[in-house]
Amino acid sequence: MKTFLQNIPKVELHLHIEGSLEPKMMFELAKRNNITLKYKSEDEIKKAYDFSNLQDFLDIYYQGANVLQTKQDFYDLTFAYMKKCKEQNVVHTEIFFDPQTHTARNIPLKDVIEGIWQALQKAKEEFGISSFLIACILRHLSEEEGLKTLDELCLYKDKIKAIGLDSSELNNPPFKFKNLFQKAKEEGFLLVMHAGEEGSSEYIKQALELGVNRIDHGVRCQEDLELVKQLAKSQIPLTICPLSNIKLKVFQNMQEHNILKLLKQNLCVCVNSDDPAYFGGYILENFIALDETFKLSKDEVKKLCINAVNASFLNINEKEKLVKQIKAYK
């Protein structure tokens with residue numbers, strides 16, 4: 001089964017590029033940019049990755065992002081992730097980045113976007129992997145700050161496909177950003193939002209009301225049977241991240257995870273890695289972890305992979321081509 005999981009064509013839709021910063025690269029970039037880390041070794045960093053909730057993780061995540069200073073840093077970070085995609089047979093990926101995490105440190109937005117973008121283009125040429133870029137607004141900050149960031153992002157419509165919402169979910173509901181997402185839509189961006197990870201199913205409903213194309217996480221939809229039915233009917237995708245959910249105690253263990261239950265209820269759920277450097281695995285490791293717990297059938301794996309294609313922002317022809325490849329895969 002591992003070989004089957006390794007080689008099946010995969011699409012990843014929930015990946016924070018800052019969350020793919022491996023400890024080794026964190027040290028390399030800290031050295032390159034003359035930054036002192038509070039950790040003495042890679043092992044010490046890994047020990048710190050014992051989180052009890054989302055906030056614990058975010059505190060370390062934002063600290064790690066400090067080593068990202070130059071366009072070259074963003075290029076190297078992104079290209080390292082794209083190499084991983086090549087190894088794990090990810091054929092298309094839609095990557096999140098957090099503009100405000102970097103502009104708050106006086107890093108020019110242009111450097112962030114161009115560094116990431118150039119690495120994505122290089123991966124397209126070298127590995128044939130297609131990709132889109134999604135800019136996430138930080139929900140623990142104000143809508144006003146988010147709107148200023150959105151204005152800047154409008155200069156890069158040729159490079160940014162969608163606007164997202166991430167960071168601390170509790171007490172930062174989607175409606176806090178109602179005006180921002182309305183403006184993003186008017187500007188022609190697609191919309192995605194993290195909702196229903198630590199926040200309740202109510203947050204998912206708010207996100208749907210704001211017209212999102214996709215929900216990131218969404219596992220707490222199960223608290224509301226009507227919502228589950230609505231999601232099955234509308235086929236609004238949920239980009240689910242199993243290892244992340246265990247690491248951040250959204251579920252206590254993999255047996256409790258509801259992704260297969262939601263799949264059986266005909267929701268458009270797919271498998272993703274979220275912040276792989278912090279949560280102990282990329283997309284393949286997430287599939288393997290699910291298989292170890294639930295003994296996935298090949299049909300279930302194919303369905304999860306096809307859902308990811310259908311949930312993507314690829315055009316209809318590209319989707320059909322990929323779905324055919326997955327269906328034909330043995």
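Each Cβ is built from the backbone N, Cα and C atoms, and glycine gets one as well.
Binding of Zn(2+) is attributed by Swiss-Prot to H14, H16, H194, and within the candidate set D111, D274, D291 the record adds D274 to that site. Using a 10 Å radius centred on the Cβ of E197 (active site, proton donor) and all shown protein chains, the other Cβ atoms total 24. For the Zn(2+) site, the Cβ centre of H14, H16, H194, D274 serves as reference, and the other residues of the chain with Cβ at most 8 Å from it are L15, G19, F96, D166, D216, H217, T239, C241, S244, N272, D275. Per Cα geometry, H217 is the residue among the recorded positions H16, H217, D274, D275 nearest to E197 (active site, proton donor).
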